[in-house]
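So that you can see what the record holds, here are the features copied from TrEMBL:
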ACT_SITE  GLU62  active site, proton donor
BINDING   HIS60, CYS88, CYS91  Zn(2+) binding site
DOMAIN    1-121  domain 'CMP/dCMP-type deaminase'
Amino acid sequence: MLQAILLSLRSTCERLSVGAILVRDRRIIAGGYNGSVSGDVHCIDEGCYLVDGHCVRTIHAEMNAVLQCAKFGIATAKSEIYVTDFPCLQCTKMLLQAGIKKIYYLRNYHNDVYAMKLLKLKNVEIEQVKVDKEYLNSIAADTYFD
């Protein structure tokens, strides 16, 4: 989960910073964060492009991680994803189609009832991970600062 948190720091959307790490056989196979299409302007530069209250400029972190696998020919079947926020309905459906077997998430974020139903239908495990803020602060302080 710490890798997903680190990736979320690269987010270029000001509304929510999300990071995702795909893992298969205990090895990281891809990572993603929410940001604009490569070559397009970023929310941090020109603001969010809102349609019906949603920023449509960005690609979600989960999508970016799966697309990275597609781009480089890496299979996602039977992998797990660590994501900082519970996936939206569209990302949930995409993760199901990609064959993800387990979703670890840090924060609740509009946990969609239909998404939960689909996850149960497809027997995909979900687990909320708890990360102690003091522990995170101590790692950073002890490792990087005097």
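Here the Cβ of each residue, glycine as well, is placed from N, Cα and C on the backbone.
A Cβ within 8 Å of the Cβ centre of HIS60, CYS88, CYS91, the residues given for Zn(2+), is found for these other residues of the same chain: ALA61, GLU62, MET63, PRO87, LEU89, GLN90, THR92, MET94. Under the DSSP three-state reduction, HIS60 (Zn(2+) binding site) is assigned to coil, being neither helix nor strand. CYS91 (Zn(2+) binding site) falls within a helical segment according to DSSP. Sparsest Cβ environment among the binding-site residues HIS60, CYS88 (other Cβ atoms counted within 10 Å): CYS88. Cβ environment of CYS91 (Zn(2+) binding site): HIS60, GLU62, MET63 lie under 8 Å away, each six or more residues apart in the same chain. Around the Cβ of GLU62 (active site, proton donor), 27 further Cβ atoms fall within 10 Å across all displayed protein chains.
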